[in-house]
Amino acid sequence: MGGRPSATPVEVHLFAARDVTAVMPWHGGERTVFRGLGFHVDRGEVVDLTGPSGSGKSTLLTAFARLNVHATGTFLLDGKDSDAFTPQTWRSAVAYLPQTPTLMGDTVADAIRLPWTLGVRRGGGAREPGDLLSDARIRAMLDRMGCRDVSLDHVPRDLSGGQAARVSLARTLLTKPRVLLADEVDAGLDEGNAEKVADLLKDVARQGAAVVRIRHRAPDGRATRMVVLEDGMLRDVPVQPVTQHADPFGGKGR
Amino acid sequence: MSMDAYLDIDIQGLVVAVAMVLVAAGISALMETGVAKSLVWATVRSLVQLLAMGLILQYVIRQDNVWLVVGLVALMLLAAVQITLGRATGAPKGLVGTVLLALVVTMLLMLAVVAELIVRPRPWYAPQLILPLTGMFLGNTVSALALGLNRFFESMRERQAEVTTLLALGATTWEAARPSMISSIRLGLLPTVAQLASSGIVTIPGMMSGQIIAGANPVGAAKYQFVILASIAALTLVADSIIILLVYRRCFISYDRYSVPAATHQPSVRDLVRRNKDAGARGIPR
């Protein structure tokens, strides 16, 4: 890094990944999930990542967050290599949101404040998580997601699957990542709440972040770009319009 | 302590003790608990080992040679490492050096504090103090370390989703592993703390009983027992903490990615029995 001659100005993306390869252990041997993939995303974009199950979509997103032990590649944020970041600062900026919500703490408020108990956000450690993230901000975020009925002192394990998924999303969104890697965040939600979450992510993108969503549902009209991961290949496909069945206001199956 | 002050155990006494075990084994065989064979085997082993240790101790105490004492302590340390790793079935391979280091450091601490600061024997290596002390310390620490190591790696495997979520939110390996470290150290220490709290109420610890049976002053015996119980409890915590601090990074690879190494082998029924033994009926100095 830094030592390369840059005769032609290269376009610097918010986030770029090059030469991403994942080789998983497989029945005593190895299986290449994908090899040499490239990807980039810019501010304001909402990219939908689709593909058959087992094609490696989650593997790709965890590779971007540099969490995946089986993946290698070069990852850049504003053109700066991930190796120049500490793992903690990299993951605070390029945030992976797992498909299964894991909420730690005795209350919803505690679960959402967890990121502020970590050194990467506490800095010197003088300030308490409660000072860094107010109740009002948590409340406002939950309300926008259709979680008005979730109180801050709710016990996390009493939440429904859809509520837990949104509390988990709230926790990550409130940390203001620059790139949000959302793994099927709307899988367990009904149409109305899926729409609210989609609007929220669109807003996050408009405010300057990039959003990559793994999705299995019908297109919801929020994506600015769509990519398909299949047979180890990543290809762009035309953005599909909202299909009849997913019409938020038609209410199929509601 | 004169040799004729206490009542010697003759051959008949040993035979009666073995017969009791055989009866117990017979009952458990009838109940098909599957422990009869290991009970008999363990009994034979303990008789042979204890007698051999008695003979060795007698020899070393009579010789009163510093190198003999140091050599025997070193041998006990190596055996302790081997037993710890044999029981810590949930731990990955390659921990020999780490366990040895933790044991050596705490051993030296114990010898420095208990022997040279509290008891102050002459000569400093007095085998009749150093060797039993080492035995009691290692016996306790081996169980605590095996229990602690197993619990730590088990917990790190169970907490996969939690650890991944924490790392994704920007946690360091230390922050992500901390709950497992705490639960491991807590579990490893539990039997020691329970032993400390119950000593003198429901149990008369073995060393104190032995001294009293042998005709020593009970208050003097109590002081000895207390010093040893307290320091062993404290040092078990030290040994446990050292080992967990040294091994927790093994659950992560480069760029702070979560990857728990494979266990040495799958725990068998016998290991589970052993582990239960570690967790439950374990006692400090008997």
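Backbone N, Cα and C atoms are what each Cβ position is placed from, and that goes for glycine too.
Any TrEMBL annotation is an automated prediction that lacks curation.
Residues annotated as transmembrane segment in TrEMBL: B:12-31, B:38-61, B:67-86, B:98-119, B:125-149, B:226-248.
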Worksheet item: the transmembrane segment (B:12-31) and the transmembrane segment (B:125-149): do they have three or more Cβ pairs under 8 Å, with pairs 6 or more apart in sequence?
Response: no
Worksheet item: Short question: which residues 6 or more past the ends of the transmembrane segment (B:67-86) have a Cβ under 8 Å from it?
Response: 56, 60, 95-96, 99-100, 103-104, 107, 125, 127, 130-131, 134-135, 138, 141-142, 145-146, 149, 264
Response to the item:
Near the transmembrane segment (B:98-119) in space but 6 or more residues beyond its ends, with Cβ under 8 Å, are 73, 77-78, 80-81, 84-85, 126, 129-130, 133-134, 137-138, 141, 145, 227-228, 231-232, 235-236, 238-239, 242-243, 246-247
